[in-house]
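For 11, 12, 13, 172, 212, 233, 234, the entry in TrEMBL reads substrate binding site. Under the heading active site, electrophile, TrEMBL lists 94. Among the features that TrEMBL reports, active site, proton acceptor is placed at 166.
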Ligand code: PEP
């Protein structure tokens, strides 16, 4: 029995209006297998996810959350609002938000904690820039991101968290990391979790690879022993490609 269920998670980013999503979901038909399938969509689409995906086995999630229950945070969205739409996952600390919206490691950490407190699963994104990789700072950067978000979590909370290794240089560039690179870093992340918590937790926590994953290259990542699935941007917008990736994850 595999200890970890594979997860194929789409990240639509800022794509699709509600009307476009309704057209997509109205025709989207996935045969559920042993892996999990998740689509993280814009906030304005989440009510449609519930309408079209409830009961299908396909899960839906959000791409962000504000780390407070409610209050004067104009333009933000609360965990309770997400929970009410039936969201089960929330992406925290995507590199686009860290870079474009200047989100700090500490702020991302608060998001992870509030998502857990509301009974949803955070997908914590970590990853190095090309500059950090080339200057030998990759592990330091990953450790900083993980420490800020994960330290202080109980074993049970860690097990409800998913970590996505997303090298910034591979996101949306068409230049995916090699499967070997993804494995080396995923193994490092698992070792780090062991140091934060225990070998048992490290063995069971799920680690995804993200960065230019396609129907063509997904199998190479899934063959690696520490990679438990993928976080997928561009390719998740195409129904056929997303389904073919999911099918491969179920093999
Ligand atoms: C992402 O958005 O997390 C991502 C990995 O994008 P892409 O698959 O397009 O590189």
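Cβ from N, Cα, C; glycine included.
Taking the C-alpha positions, the distance from residue 172 (substrate binding site) to residue 166 (active site, proton acceptor) comes to 11 Å. In the vicinity of ligand 1, defined as a Cβ distance under 6 Å, the following of the binding-site residues 12, 212, 234 are placed: 212, 234.
When the Cα atoms are compared, the residue listed as 'active site, proton acceptor' and residue 13 (substrate binding site) turn out to be 15 Å apart. Residue 11 (substrate binding site) falls within a strand when secondary structure is assigned with DSSP. Of all the binding-site residues given, namely 11, 212, the one with the smallest number of surrounding CB atoms inside 10 A is 212. You'll find the Cα of residue 11 (substrate binding site) roughly 10 Å from the Cα of the residue listed as 'active site, electrophile'. For residue 12 (substrate binding site), the same-chain residues 6+ apart in sequence whose C-beta sits under 8 angstroms from its C-beta are 39, 40, 41, 42, 45, 63, 233, 236, 237. Shown in sequence order, 171, 232, 235, 236, 237 are the same-chain residues outside 11, 12, 13, 172, 212, 233, 234 whose Cβ sits within 8 Å of the Cβ centre of the substrate site. The two recorded residues residue 234 (substrate binding site) and the residue listed as 'active site, electrophile' have their Cα atoms spaced 14 Å from each other.
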